[in-house]
Amino acid sequence: MKTQSLKATLLTLVISMPLIAAANSAQEANLKNVDMVFECENNQILDKNGNLCEKPYTKIYDKIPNAFFKKDQPTEVVIIKGNAYVEGDIFVGTEKELDAYQVQQQARSLTLDSGRWTGGVIPFEIVDGATPAERFTDNERSTTISVLNQYSTRTNVCFRPRVSESARIKFKKYTEAGLGFLGGQSLLGKCATCLDGQEVKLSASSQRIVTHEVGHALGLGHEHTREDRDSFVSIILSNVEPLNIGNFLQMPIISTDIGSYDFNSVMHYRYNGFGKKINGVTQRTIINLSNPSDTSFGSSSTLSNGDVVGINHMYPTNQPCATLSDLSPGELAVGAARTVTVRADTSHNLSGIFMRQGQRFEFTTSSPSWKNGSTSTTCNGYPGNVFDAGRRHLDINMMALTGELFNQNNTTSYSGTYFRIGCGKTTLTAPRSGYLVNFANDALVSYGDNSQVVNLTVKRVQ
């Protein structure tokens, strides 16, 4: 295999840099281009959803609230949905924060080590949003896990599922309208001031986008902003959309170039990134000086050798790392099954099974009889009488086998979602995500005189 040139741009502060990928045609649906796709185009008043447009615009600030930015230098930012970006890709705060900062006297500072993950170990979690459009599909989850395994296998860092760590990466899905563009956004390096972790925000989850955003979260910058870039590429600013010219300026911050310029880096822009469209054709914005006809760079979805060297320079100690599964703890693969014992005298039988919204399950019971005091019944239960009006769910029979979903695998985080299981074989499409808890449908204070058990087999069928 041909060895690629070695490179990486290492930045010494915590800032935010979104990867913004074009996807406004079938050809661009793979989200390999680095470009901006906004909700509001051609000066329209309403976006595609009928909402008032929030078109991007520019402002100039005398001060940026970060000690690593060059001082006494007016800086143009682009405002997208209230967030301010320098050079098109670096998040420097909200517009309100920057407005307020202009009348403050002292800039904040960070230590050079504050943007590194301790020991090269990065806790992470994949977080679903509130609406179906903000929930990751199984394929999107698999893509994210595959990317993290690539980093853990090829570099010194290790991604581990979060247990209770406050410092962590939270992969979170957004709609295009919610994020303001189609693609992704990430902090650069570890956030020293994020008390509840830091988000990698994704409105698209191709392998390239996720790999690129994780690179930012570890501390990699964009390749074309290196100090030596003018020896390797020519930037055609006249072909760049005016709003995005700042994307091609070299970074106004302290940085270190590691190795040689690397056209194969996953952090490199495409040859026509952020280009104007003339007669439907996106104009070229970057030329490879050693091979002017080259249009292959900026499309990689995997780490180059140079990316690996750059990451290992930041994290020199190799961390042994287990291969990650794309299943959450307790989540069943399709076709897998688990049998749990449901005790009639226990108000919350923890199954340890994680059910994701939209997944389909088959329930099968055996030994389906138990007792409420001296009354024998099956796990289908019985209608009950006036004395049974205190049972937990009045629309389900007394002593019927019932399931509830909890946000965590415990007895205190009830989500409000419940369903009848009963005896025999039944199926369920999970109405939301959560951990399965089972019980006989009795009053919460009345389990002491119940007896016997029902064995429940839970199989994921889709």
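Backbone N, Cα and C define each Cβ position, glycine as well.
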Listed co-binder of Zn(2+) (same site as His212, His216, source TrEMBL) among His222, His224: His222
Could you give the Cα-Cα distance between His222 (Zn(2+) binding site) and Glu213 (active site), in whole Å? 11
Tell me the coarse DSSP state (helix, strand, coil) of His222 (Zn(2+) binding site). coil
Under a three-state reading of DSSP, tell me whether His212 (Zn(2+) binding site) is helix, strand or coil. helix
Neighbour tally for His212 (Zn(2+) binding site), based on other Cβ positions within 10 Å of its Cβ: 29
